[in-house]
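Pulled from TrEMBL, these are the features on record:
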- 12-34: transmembrane segment (TRANSMEM)
- 149-176: coiled coil (COILED)
- 339-358: transmembrane segment (TRANSMEM)
- 365-385: transmembrane segment (TRANSMEM)
- 391-415: transmembrane segment (TRANSMEM)
- 435-455: transmembrane segment (TRANSMEM)
- 467-495: transmembrane segment (TRANSMEM)
- 532-550: transmembrane segment (TRANSMEM)
Amino acid sequence: MKKKLGFIEWAMRYRQIVILITTLLVGFGVYGLYMMPKQEFPSFTVRQGLVVAVYPGATSDEIEEQVTKPLENFIFSYKEVKKRKTYSRSRDGIVFINVELNDNVKNKDEFWSKFKHGVEQFKSSLPAGVLALQVNDDFGETAAILITLESDQKTYRELERYLEGLEDKLRTVDAVANLRRYGLQKEQISVYLDQKKLSMYGIDANTMGLNLLTQGFTTMSGEVDNKAYVAPIHIARSYNRDRDIAEQIVYSDPSGHVIRLKDVARITREYPDPDSYIRNNGKKCILLSMEMRQGNNIVQMGKEVDQILEAYKQSLPQEVKMYKITDQAQVVGDSVSTFLKELLIAIVAVILVVMALMPLKVASVAASTIPISIFISLGLFYAFGIELNTVTLAALIVTLGMIVDNSIVIIDAYLEKIGEGVSRWHAAIASAREFLKSIFSATLAISITFVPFLLTTKGMMNDFLQSFPWAISLILGISLLVAVLLVPFMQYYFIRKGLKTDAKKNKKSFLDVIQAKYDQLLDLCFRWPKTTLGLGVASVVFGVLLFGQLPQKLMPIAERNQFAIEFYLPAGTAIEQTAAVADSMESILRKDQRVVSVTSFIGEGSPRFHTSYAPQLPGSNFAQFIVNTQGNEATVELLDKYADKYTDYFLNARLRFKQLDYSEAASPIEVRVSGDSLTDLKAAAQVIMKRLKCMPNLRMVRTNFEDPLPGVRIRLDEDEATRLGVNRTFLAMNMATNFGDG
């Protein structure tokens, strides 16, 4: 009866098949490394959204009572909403509600679709003055590339035309998803009324404003139905040019004399004073945010975008400059290059270390299993749809040192057997067979070590780490198969002599010296068992104590050539004052040669340019910088130099220097105080702040409750107003006409 072959013997006998399959898989891995989806972070669900309600003319107290509380009660009626993480910020005329969903919500799109439908129905229950109620559910979309178009000579309209041309070019790239514009300023036709002339002609400014408004209003005009066909009626627009507005008749007398708008007002086309704007290196600019479609290769997308940008630059006039201020494609490309360098270093290190103990051929066989295992793993990543990102790259780097362990164990057993006179063929098979259970157990134990990540984390962190244990297990599993199927033939073919056959009788090798010292130490351990156990326990205790003294942080700092600065000024601060503080800080930074560029967002926050860095709420008292540096080391040096010095350097301004990291928390420590009494909340917050400020390791201890905003309150005398025919709406329109910002 013919003896059945084991799979190790089969691999040795049919080695041509094994080598062919290995070669194909390695080649597929090289191809996969180039073609597989790549991005900085793994895909995960951002369970956050923003609800915004606009109620012009209402105070923050009125917003709180009439809009915020009813809206919060409606939001909390959804079981998917995480109540303790959902909060609101009520301001004059507007409320922002940050909504966070429970960690068990997997299909956020389904929820937001249902939620938006409910919000549309709920809006009718709010006061009639609530003009808008919007839900932003793409809060977590991250810009792959941010591009600025800047010029001091060109107008915003001209820059917008150049931006439109660039967008048309970029849309030809399949991987490009959303293109969003920021910093655009729209022209307006301003009408400056001459109050003396209005009084002279007896023209009411409010009536004239209403007349101008209705001239530009478009609604249904009916249709002609003659039983044969139906023709809709369209009324041509009255205002198509500046001149049309100037020629508008605003008054006529019985004798036929008319007064046109140009007779009582100055009409000019201009840009209004902005509520927010963007500057790059001190020059006005507009910004284009570019997002990548899911499942694409961001490195390849970056190359295609770079080609378009280089070609488009040639068509721009000299006074218009284009810059990339953030580039995730470059970050991911650098990460892949770093990994390949680490792979080369690992191979060289294994060869050098093993050469110190064993011959060159032995070291070469062991080291060759590293690239073989890595590229086969990359091929399987590509086949299974696992993208290359921060987490999977971390898994590859972590396992670089583990991959070779299985092979070295088998090679060492093989050397020992052929040194004892066993034939190379049988030694190759026996070494793999005897240690198969041991290396399988070790591989399984290491793989299981990382599985608790999936059980102990939840929410975004769980999504973030989802692929890590599987990537580790896949890589180590491949290294195990390489060790038991490919290494036996490789050692049989390349290693023909054992260590003892090459050793001289009177000369000890370095390995022999190490073995002798180890044997002596082992004898001492058995001779003094209590001392040995005591030292072991003491080392564990010392390790636990040392662990408690080490700096601890859940998520690491991101190595970037950029950082952010946030400017917070008191509520109600004019945007000009905010800009003055930002300009002062910008001039300080730009004098430092390590700073490449400073992009400033005045009155608004930047788009989400880093996955864990959430956009900030807009306001005239807020500004933000994206500071690009010469490299990661320069970033750390700049933060060390400027952060402590300039945090409270400017009067009535607080600066937050933010080094990018992988944590979703806005601050390392956050304390939330809740209750129904605003006075009690403020008192409790002050007590907590006072205690926290006594701790030397804390800085920027603050609350998000803004200072009271000075305002003017007009109380209407109802009786007198009724007698004069003045109501609240008429008064508000009159105030807006005289004191509005256009």
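Backbone N, Cα and C define each Cβ position, glycine as well.
Curation plays no part in TrEMBL annotations; they are all automatic predictions.
Listed by sequence, the residues of this chain that lie at least six past the ends of the transmembrane segment (435-455) yet keep a Cβ under 8 A from its Cβ atoms are 8, 402, 405-406, 409-410, 413, 462, 465-466, 468-469, 472-473, 476-477, 479-480, 483-484. Sequence-remote contacts of a segment are chain residues at least 6 beyond its ends whose Cβ falls under 8 Å from one of its Cβ atoms, and for the transmembrane segment (365-385) they are 22, 25-26, 28-33, 35-37, 295, 343, 346-348, 350-351, 354, 392, 396, 400, 403-404, 407-408, 411, 471, 474-475, 478-479, 482-483, 486-487, 490-491, 494-495. Note on the coiled coil (149-176): mean pLDDT across this stretch is 91. The stretches the transmembrane segment (12-34) and the transmembrane segment (532-550) do not meet in space: the count of Cβ pairs below 8 angstroms, excluding pairs fewer than 6 apart in sequence, stays at fewer than three.
Long-range contacts of the transmembrane segment (339-358) within its own chain (CB-CB distance under 8 A, at least 6 residues past either end) are made by residues 364, 366-367, 370-371, 374, 393, 396-397, 400-401, 404, 408, 415, 499, 509-511, 514.
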